[in-house]
Amino acid sequence: MKILAFDTSNKPLSVAVFVDGKVLAHIESTEKKTHSVSLLPDIQNGLQEAGLTMADIDLIAVAKGPGSYTGVRIAVTVAKTLADTLNKKLVGVSSLKLLAANGDKKHLLVPLMDARNDNAFAGVYVTNRDGRLLTVIADHHTSMANLFETLKQYEPNELEFINATPRLQELIQKQFPEATIVMSEDSLPDAGKLAKIAETTRVVKDIDNFIPTYLRLTQAEHDWYAKGNKEDKNVSYVEEV
Amino acid sequence: MEKDTLIMSFESSCDETSVAIIKNGKEILSNIIATQIKSHQRFGGVVPEVASRHHVEEVTHCINLALDEAKVGYSDLDAVAVTYGPGLVGSLLIGIMAAKTVAFAHNLPLIKVNHLAGHIYSANFVTDLQYPFMSLLVSGGHTEIVLVTAPGVFHTLGDTRDDAVGEAYDKIGRILGINYPAGKKVDQMAAKGKDTFNFPRAMVQEDNLDFSFSGLKSAFINRVHHADQIHEQLNKDDLAASFQGAVLDILSNKTFRALKQHPVKQLIVGGGVSANQGLRKRLAEEIEKRHMDMELVFPPLRLCGDNAAMIGAMAQIQYDKGDFAKLDLNADPSLDFDME
């Protein structure tokens with residue numbers, strides 16, 4: 001199987017071409033480049049490096065979030081449009097699960113995305129005997145305090161926090177001094193691993209309705225619901241005119 | 001007979017996701033428009049993050065509908081075009097990424113189109129353009145007078161110094177209890193009312209072609225608040241008529257000032273506010289009063305608001321010139337004609 005995989009859900013960008021279990025091309029950028037500018041040229045270069053064209057690709061794998069809203073939209077838009085326009089298979093993988101793939105297989109893995117104000121997107125994963133990541137606690141948006149409360153049930157020295165910012169590191173160290181903490185710069189998302197996870201992930205059935213996993217309402221919607229408003233199921237918020 | 005050119009065009013600069021297939025820049029084979037108005041009405045105006053999310057939900061669906069309705073396939077296409085600015089950056093990016101992806105996947109040339117140029121070239125579906133022509137661009141984001149001297153050659157003669165005209169409609173609409181977008185309702189009320197409040201006509205005495213609407217908006221709001229304080233009942237239709245009367249005086253004053261400086265054979269009006277019946281009537285009357293031999297062109301109502309068809313019309317000109325973009329194209333939220 002030939003897979004084109006990419007992730008732009010945070011500052012790093014990663015593109016890989018993965019053929020029958022091997023990474024034939026891998027393009028990465030860690031510096032703060034503009035994903036909207038780089039992604040398609042990087043995909044083009046990756047395919048060229050692998051000696052393939054889009055026609056050869058069987059499956060598109062994309063990190064679907066959570067992460068930077070704009071970042072995940074860029075990758076998801078390209079992935080769904082590619083899959084739709086060329087009739088390719090599409091797989092979406094959690095951006096946090098992809099980060100967990102960088103962790104120590106013996107650890108209880110807690111991938112994080114800093115969501116500011118001591119909040120984060122987080123999930124809890126373990127690696128099974130076949131090396132596959134299993135979800136222990138589903139990805140969610142949480143305050144760090146609540147996350148720590150949830151994690152108290154586990155052995156602190158088995159915990160491995162992945163993709164911490166300096167602020168999150170500070171909070172984690174205070175709570176779980178024995179835990180392993182991997183900083184963002186040491187835990188770049190790897191599209192090669194994304195392709196590998198995609199091999200065993202269910203294919204997207206309805207490409208049109210494939211959207212990023214934001215895990216958060218927009219502020220405007222949050223405020224609107226907070227005022228007691230309810231979504232009217234009879235109203236289509238977007239309509240063709 | 002030369003071969004026909006088919007362009008697939010994308011527009012997503014604000015709250016409409018639109019994909020069109022345009023033949024030779026002149027014929028609309030399809031023009032799918034998914035509007036988010038009902039979503040943003042919950043918040044009283046366009047919320048950028050909500051708009052971006054809706055664009056991702058709609059984009060491939062719109063592509064497929066556009067192809068189906070036009071009864072063409074990717075192999076029939078000659079190019080892919082997309083709005084790259086001005087507009088909301090998060091919204092623009094969805095159309096840009098989708099358009100770049102289609103261009104890349106099918107090895108088609110990519111054309112980056114200025115949204116404002118698109119509005120001007122909506123007229124291409126209505127008439128044969130004769131250069132030079134004058135255009136008045138009026139929408140929720142823009143108020144400009146642009147002289148077009150040759151295909152795709154634009155000179156901005158006047159611009160708004162503060163609010164766009166459509167934005168002013170939405171703001172005073174809120175005071176009148178009308179949800180966004182308020183233009184159509186204010187226009188209807190204005191037709192029933194009388195211009196009795198004498199709101200200011202900003203900058204009409206000044207010898208330039210720029211606009212200002214914030215003073216008018218403030219005068220309107222102050223008048224209503226003052227009435228509220230002293231429990232005075234104001235006639236809402238008269239308020240609407242007085243506001244619209246001032247807007248039309250300003251727009252018409254500056255437009256005919258521009259036309260005096262640059263006599264042309266066509267005046268093209270574009271943008272969401274070009275749907276305004278009061279504006280349509282007023283400009284026609286002014287031309288007649290002045291005995292001008294000039295064609296006045298309004299787009300059909302469906303092409304007044306944002307749509308991809310107009311992007312395809314402009315893109316054809318760039319296609320003919322060989323003006324193509326690369327796959328590293330990015331959004332330019334504050335793009336204007338002088339920057340190109």
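Heads up, the Cβ atoms here are built off N, Cα and C, so glycines get one too.
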Given that TrEMBL records B:His115, B:His119 as binding Fe cation, the matching residue among B:Asp249, B:Asp293, B:Asp306, B:Asp320 is B:Asp306
Substrate site partner of B:Leu137, B:Val138, B:Ser139, B:Gly140, B:Gly141, B:Asp170, B:Gly183, B:Asp187 according to TrEMBL, chosen from B:Asn64, B:Asn253, B:Asn276, is B:Asn276
Other than B:His115, B:His119, B:Asp306, the chain contributes near Fe cation (Cβ within 8 Å of their centroid) the residues B:Glu11, B:Ser13, B:Thr83, B:Gly87, B:Leu116, B:Gly118, B:Ser139, B:Gly270, B:Gly271, B:Asn307, B:Met310, B:Ile311
Lowest 10 Å Cβ neighbour count of the binding-site residues B:His115, B:His119 is held by B:His115
Quick note, B:Ser139 (substrate binding site) and B:Asp306 (Fe cation binding site): C-alpha atoms separated, nearest Å, by 9
Binding-site residues near B:His119 (Fe cation binding site): from B:Leu137, B:Gly141, B:Gly183, B:Asn276, Cα within 10 Å gives B:Leu137
In the three-state DSSP scheme, B:Ser139 (substrate binding site) belongs to coil
Going by C-beta under 8 A and a gap of 6 or more residues, the same-chain neighbours of B:Leu137 (substrate binding site) are B:Leu116, B:His119, B:Ile120, B:Thr143, B:Glu144, B:Ile145, B:Val146, B:Val269, B:Gly270, B:Gly271
B:His115 (Fe cation binding site) to B:Gly141 (substrate binding site), Cα to Cα, whole Å, comes out at 11
Same chain, |i - j| six or more, Cβ under 8 Å of B:Asn276 (substrate binding site); the result in sequence order is B:Val138, B:Gly183, B:Lys184, B:Asp187, B:Gln244
